[in-house]
Every structure is written in C-alpha cells, then in structure tokens.
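Asker: The repeat 'HEAT' annotation in TrEMBL covers 12-50, 89-127, 166-204, 205-243, 244-282, 283-321, 322-360, 361-399, 400-438, 517-554, 560-589. Taken from TrEMBL, the feature domain 'Phosphatase 2A Regulatory Subunit A helical' covers 366-522.
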Amino acid sequence: MNPEDEVNSLYPIAVLIDELKHDDVSLRLNAIRNLTTIASALGVERTREELIPFLDESIDDEDEVLLALAEELGNLIDHVGGPAYAHCLLSPLENLAAVEETVVREKAIESLSKIAQVFSSEQIENQYISLIKRLTNGDWFTSRTSACGLYAPIYKKCQPNTQAELKKLYAQLCKDDTPMVRRAATTNMAKFVKEVSQDSIVNEFIPLFKFLSKDDQDSVRLLTVEVFVSIFECLSFESNESLLNKELRGLCTDNSWRVRYMVADNLVKVANVVGQKIIQSELVEYFINFLSDNEPEVRTAASTQISGFCAFISKEAILSKILPCLKNLVTDSSQHVRGSLALNIGGLAPLLGKESTIEFLLPLFLQLLKDEIPEVRLNIISKLDLVNKVIGIELLSQSLLPAIVELAEDKQWRVRLAIIEHIPLLASQLGVQFFDEKLGSLCMSWLGDCVYSIREAATANLRKLTDVFGVEWAKTTIIPQIMVFAQHTNYLYRMTMIFAITTLAQALTPEMIAEIIIPTIANLSDDPIPNIRFNVAKSFEQLIPLMKTPQLQNAKEEIVKPTLMKLYEDTDNDVKFFANRALSIVDSV
C-alpha cells in the first residue's frame, strides 16, 4: 500500500477517535458503537495502553453513551490480545457497574460475565475475585447490587476455599440493609443455586431463602418464588419436603397480593418440582384461592395457569373443584381476567374429553364469545382449534359465526385486523363449503374497508386462503369477485384489486398468471389516476421474477414489456420512475 492510500484508509479511524471526545452526544455514541473498528485500527497494544485507559476516564457521560460503552467493552476481548489480556477491560466495566442507571449496570454485568467465561481459573482467582470483593463491599448500593450478578458465572472455576468465601460474601448481600441489594441477591440466587453442590443448597442457601421469604419488603419476598423452584429443580422435594413446606404455604397465603400474584403466575413450575402429594393435598386449594382472589391481577395470573396446572390433577377434580371457579370468572368484573380466561380455557378440552367438554366447558366457551369486550371474544376465537379437535366444528359453528361477524364489523379497526389474521385458521377448520356459504362475502368486504391496513391484511388473507383451499378454489370463487373491482368508479377499489391479484399471483399457476392476472393489470395502464398507473408498474416489477415458463415469457414480451414502455413515456414523474425500475429487471429473468 502506498503512503497516500494508507493515509486515506486511516482517515475514517482518525475521525472516529476524534468523535470519542466530541461535545455532540450523537457523535460520541456513534464512535462508541464503532469501538471494535477503532481497536482493530490501533492494534492490540495501543488498544490496551491508550484506548482502554481513555475509556476508563470517560465514565462521566450520558447514560445512552455509557450503555453502548458497557456493551461494546464486552466485544473487545479479541482486540486487546485475547483472554490473556482481557483483564484490562475489568477496570472500566467495574466503574460502569457502579453507576446509577440500572440498564447501564445490567449491561456492564453482562459484559463482565462474558469476560469471566473466557478467563482461566487462575485469572479468576487473581483478577476477578478482587473485583467482586470491591463491588460487594462498596459504599454505594449500586455496586453491591451489581456484584450479585457476578457470583454464579465464576463459582465453578474457583478453588474450594474461594468458593466458601464467595458463599459468605453472597450471604452478606442477602442480608444487606438496602432492599435493592436484597432484591438483586434474591433474583440472582435462582442462578447461583444451580452452580453449587446439593449440600451447599441444604446447609447454606435454604437458610438464606427462608430469611428472604420473610423479608419485610414484598418486592423481595415475591422474588423468592423463582428461588424456590430453582432449589427443588436441584433437590428432590419429597426427600426435603420438611425443609421448605412452611415457606411455600407462607408465600401462597402472603398478605401482599404481589407475592400471591408471583406464586399464581409460576404455579405450573412450582407443581413441577413439588410432586403429586403436595399438589393434591395443598396446591389445588391454593389454586382455587388464587382463582377467587380479591385482586384481579392474581385472578388474571391464575387464569394463565389453568390448562398447565389442571394437567397434574384428575378429571374429577377439575369438574368438581376448578370448574365452579371458572364459571365465576366468566362473569368477572375485570375484563383482563375474562380475557386471560378466554385465552386459556380452551386448553381444558383435551383434558376433559368430548362429552364433558360439550356438557360443562362449551357453555362457558359460548358465554365468552358473547362478551361485551372485543378482545375477550378474539381470545376465544384464537384458541378455537383446541376445542375443535375435541368436539368438532359443527357444535361450535352456530354460535361462532355471529361472534365473528360482529367482530369483523367492529368500529375499532385493530379488532377487525385481528379477526382477519385468524380467518385462515378458522377456514382450515370450517371447511370450504361452510366457509364459502358463511364467511366468503365477509372476506371480500374487507377489500373495501376505509382503513388501508385492513385492505392490506385482506389481500394477504386471500393469499393464505388460497394456500388452504387450493388454486382451483381461488380461480372459481375469489378471482372473479376481485376482477369486478377493476371497473369500480372509486380508484381505491381499483388499486386494491391490483394489490390483491399481485399478492395472489404468488400462489397461482403460471397459466392463470398469463391468462388472467397479467392482462387484467395491463388493462389498468390507461387509468386516468396516476396512482393506479404507477401501481401497475410496481405490480409488474413484483411479477417479473415469476415469469420463467415459456407461456409467461411470451406474456412478458407481448404484454408486460410494451405496457412498461408505454408507462415510461407517461407525463407523471412517479409513473415514469416505477416503470423505469421495472424495465431495469425485465430482461434479467
């Protein structure tokens, strides 16, 4: 490389280095995001001796810059000389782990954990442990909070005496005076217990769990639910039942709804680790209590666990104990509870079987279909396949159809959009005859909706329906109806027609594209509205890659190319632009 080329290649790097010191935050942020590029240009030695110390002094910056810095430092391991030199990255990350902004600290811990993974046991002992001790004993709670996330990644790489010291330091964090530190210690304990021996769990971590489960702050207690699950993923609950049974009862009946919410939200995980004996003797009753809790948030969380938890209990228990609670939830005062129930109640059908589903579950299902809130009805319809597999669509169709029609005409366009997205699933379950009779006209009506997003979704919906029912169905049923739009006086209908048949073409045969789609689109090239004409060009641009068969090649030469040449001579600049773009690829296929 001659000297001039070398200067030119290094100029962008020099600009980035200058931007690291710039007053403009956006420029500093850009430079930080290009740290790997800067480091590559500087080389490993200068990166270690110049760049990293400079970054270490740049901690007093905007949170956005610090967040990017915390992330990029974790990517510099290879640029400082590999794992053997990665310790030079610890100092700036230690400083970032003590800043006030939570997301910056979390990203710094993530990068420190990444470095710990490439460190040898010797490096952990000599360089990493001292960092953990400094953070653990820091004066400010932010450093102690960050320290909690560093124990689990390095524990197994440490010597036994160091491991014992780490457990003592972690116990110190669990008993910290600051609730934020205790919260962080509880959160990370779920990971830490998976790294230690079973003896350590029983002798050291279970006492810590008991201490934290009685914390005066409910924000700490609620986090112990996941710790409970982690402990008994490592231990057999049956052989250690006496150790934590009292604490489990305490969490399930806690005065704070937030703690009860957390147990309810994780009830399936809890059931997985405690075994059948506790499920039958205690958890069923707690689940019933959660479903009828005074707080709607707890009832909502419990509703999400219905199908998962009921898989652990007998059909008789579901019918006699759980179903009465669900009947109450169907008319719950909170729409969020009813919405959660609607989304999850269908999962009971496979557990109950056909006869019980028809007798007990179907009335609840149909009642939710008539709910005044559109989202509740949508949730029921989205899980229709679970019930359909058990009892068949015939029993559902009479009550289902009115609900679908009502949702399809809802004044909120997002509700209409959601029901469109469920139509292909419904179509595959209803069958072509029922669909054509009851829902075919509805699907076509969406093409004329006043909201563009609905019209766009309606065209994609027709393509999916073609995948479900086949090309012949599309040819005889929907394409003739779409073609009528070509003569509509409103240009939006004509434009929708172009969008629809262009999208449909992806699923049609070459013969249909050549005989129906291409001539229909070409006929609109003389439309008085420029938007229609340039969409003709855009449509052909999308169709050209499909024109690979002899029949389509002929159509391209005889219809597509002349039409695009005509549009290229159009007086409207947009029409000319899109015609030119399509012409640029017309000979490449």
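Yeah, the Cβs are placed from backbone N, Cα and C, and that goes for glycine too.
Since the structure is predicted, the reported quantities are computational estimates derived from the model, not experimental observations.
Could you place these features in context, so I can see how deep they sit and what lies close by?
Answerer: The predicted model assigns the repeat 'HEAT' (89-127) a mean pLDDT of 85.
Within its own chain, the repeat 'HEAT' (166-204) has Cβ neighbours under 8 Å at 129, 132-133, 136, 141, 144-149, 151-152, 155-156, 158, 211-212, 215, 217, 219-220, 223-224, 226-227, 229-231, 233-235, 240, 243, counting only residues six or more beyond its boundaries.
Residues 170-171, 174-175, 179, 182-183, 185-187, 189-194, 196, 198, 250-251, 254, 256, 258-259, 261-263, 266, 269-270, 272-275, 277-278 of the same chain lie 6+ residues outside the repeat 'HEAT' (205-243) yet bring a C-beta within less than 8 angstroms of a C-beta in it.
Remark: secondary structure over the repeat 'HEAT' (244-282) totals 33 helix, 0 strand, 6 coil, with classes taken from DSSP.
Listed as Cβ neighbours of the repeat 'HEAT' (283-321) (distance under 8 Å, sequence separation of 6 or more from its ends, same chain) are residues 252-253, 257, 260-261, 263-265, 267-268, 270-271, 274, 276, 328-329, 332-334, 336-337, 340-341, 343-348, 351-353, 356, 360.
Residues 287-288, 291-292, 296, 299-301, 303-308, 310-311, 313, 315, 367-368, 371, 373, 375-377, 379-380, 382-384, 386-387, 389-391, 395 of the same chain sit 6 or more residues outside the repeat 'HEAT' (322-360) yet have a Cβ under 8 Å from a Cβ within it.
Below 8 angstroms of C-beta separation, residues 369-370, 374-375, 377-378, 380-382, 384-385, 388, 393, 445-446, 449, 451, 453-454, 457-458, 461, 464-465, 467-469, 473, 477 of the same chain, each at least six residues beyond the ends of the repeat 'HEAT' (400-438), sit close to that stretch.
Helix, strand and coil residue tallies for the repeat 'HEAT' (517-554), in that order: 32 helix, 0 strand, 6 coil [DSSP].
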Asker: Go through the chain and flag residues at least 6 beyond the ends of the repeat 'HEAT' (89-127) whose CB is under 8 A from any CB in it; none is fine as an answer.
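Answerer: Non-local partners: 52, 55-56, 59, 63, 66-67, 69-71, 73-74, 76-77, 80, 82-83, 134-135, 138, 140, 142-143, 145-147, 149-150, 153-154, 157-159, 162.
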Asker: Tally the residues of the repeat 'HEAT' (322-360) by DSSP class, grouping H, G and I as helix, E and B as strand, and everything else as coil.
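Answerer: Helix, strand and coil residues of the repeat 'HEAT' (322-360) number 35 helix, 0 strand, 4 coil.
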